[in-house]
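J.: I'd like to ask you about the structure that follows.
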Amino acid sequence: MEKDIVNLPEDLLDQIEKKPLKRQSTKISFACDDADGDCNHFLFDDYFRSDSTESFSVYDLFLRLQYPVKRNRESKLEKFKNYWENYSFYAIWRKKFLEDHSCTEKDMWKEFCIAALPHVIINIVLTFYIICGALIFQLVDPRIREEKFYNVVQFTFTTIATVGYGNIVPTTDLSKIFCIFYTLMGIPLMFLALTNIGQFLAEGYWIFLASLSRKQNVGASDERRLPIGVVVVLLLTHSVIGGILFHFWIDQMPVIPAIYFSFVSITTIGYGDITPTPNGSFQTFIIICYLATGMVIMSTFVAALYNYLHQLHYLGRSFSGAANVEVWFGGTRMSIAELLQIVAEQFKVSPKILCNVLHDLDDLITAATDPRTKASIEMNTNGEPSILPIISGATGDAYSMTLELQKSENSRETHASRLFRFE
């Protein structure tokens with residue numbers, strides 16, 4: 001084979017002779033570990049396969065590149081993602097909210113806004129009620145008119161909160177009459193708002209406890225009640241915080257009188273021997289928020305104490321005579337036993353089987369209206385879907401119940417009509 005001869009210019013030959021080229025060796029390694037292999041496969045599947053059915057996710061791409069998945073090992077980011085989606089406070093609250101309101105993920109925030117709207121309105125109305133009351137008291141009472149406005153706002157709050165320090169009081173007949181009607185409407189409004197906040201505090205505690213325990217469901221028998229030990233700790237902690245607040249900042253009281261004043265205030269005793277004297281609107285706002293928080297904790301304490309006393313009242317008692325309890329049904333007063341007998345005759349079954357049906361009815365309705373329930377769907381003659389769960393009674397008799405789900409035009413709720421069939 002003949003080789004081609006290339007004639008180079010003389011000037012180029014002179015440069016090559018003067019500056020000979022240096023040879024350098026470079027090593028290229030194509031070895032890779034398992035993590036690199038996983039990344040390469042992931043990139044190949046997502047970018048170079050035209051028939052790939054996998055959906056592209058920027059989060060998954062970042063997860064694979066930044067934290068390659070190794071065998072039998074989960075990355076920290078994946079652990080955090082699993083915790084956030086299943087065991088975090090938000091995840092447990094979201095699951096509980098969807099179950100309580102029987103809604104889907106798509107309608108969750110709409111339902112949340114609808115559910116939160118009444119509570120927001122109550123707090124807004126309460127705020128305007130306190131401010132407007134302070135303005136009216138200054139108009140009808142010359143002595144109160146001489147006080148600074150933020151002190152009068154504190155007076156109206158402590159009035160409808162039933163604390164009543166006594167440093168500011170109505171002096172004219174007109175202001176006293178107005179105070180009667182003002183407290184007549186203000187006290188129920190105040191305790192309605194505080195009770196709602198107390199229930200939210202209790203529900204948040206149980207959700208937080210479930211999140212710490214890595215449980216997806218709240219295991220409390222009564223989610224709107226706090227354990228009495230937890231409430232006592234909250235009360236003592238709140239009093240200590242108030243002692244620090246009124247010792248180092250507001251009024252600068254001694255420590256023991258400051259703690260004493262805090263506890264007397266949140267229990268709505270209000271002797272009046274010690275009264276807060278804020279020097280501005282901001283300190284007044286802090287005092288009102290502090291007292292409101294303490295009264296919320298105090299309301300949960302009373303509710304928890306009532307729950308324990310209620311259980312103590314029925315301790316050792318055996319419940320009997322439930323069949324003879326009278327109820328109103330169809331405009332007629334009858335006993336529970338008579339009502340069960342009438343319903344059993346209507347369905348042509350024995351009362352014992354009917355009791356078994358009623359025992360499981362609540363679970364069946366909950367399962368039928370739960371959007372995540374995987375029940376068998378069957379089309380009826382009208383083309384509407386019907387959920388047909390089949391259950392077996394305690395006596396071995398099989399019975400089925402048809403639940404037809406219908407959407408009402410005037411309501412957002414799903415109604416279930418029930419048809420029983422016994423075999």
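Placed from the backbone N, Cα and C atoms, the Cβ positions cover glycine too.
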J.: Please find, within the list 149-168, 349-368, the residue stretch that TrEMBL describes as transmembrane segment.
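T.: The listed stretch tagged transmembrane segment in TrEMBL is 149-168.
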J.: Between the stretches 116-137, 149-168, 180-208, 228-249, 255-272, which wins on the count of C-beta pairs under 8 angstroms to the transmembrane segment (284-309)?
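T.: Most Cβ pairs under 8 Å with the transmembrane segment (284-309) come from 228-249.
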J.: Taking residues 6+ outside the transmembrane segment (228-249), which of them lie with a CB under 8 Å of any CB in it?
T.: 205, 255-256, 258-259, 261-263, 265-266, 276, 283, 286, 290, 293-294, 297-298, 300-301, 304-305, 308
J.: Using a Cβ distance cut-off of under 8 Å, indicate which of 116-137, 149-168, 180-208 has the most pairs with the transmembrane segment (255-272).
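T.: Between the candidates 116-137, 149-168, 180-208, the best contact partner of the transmembrane segment (255-272) is 149-168.
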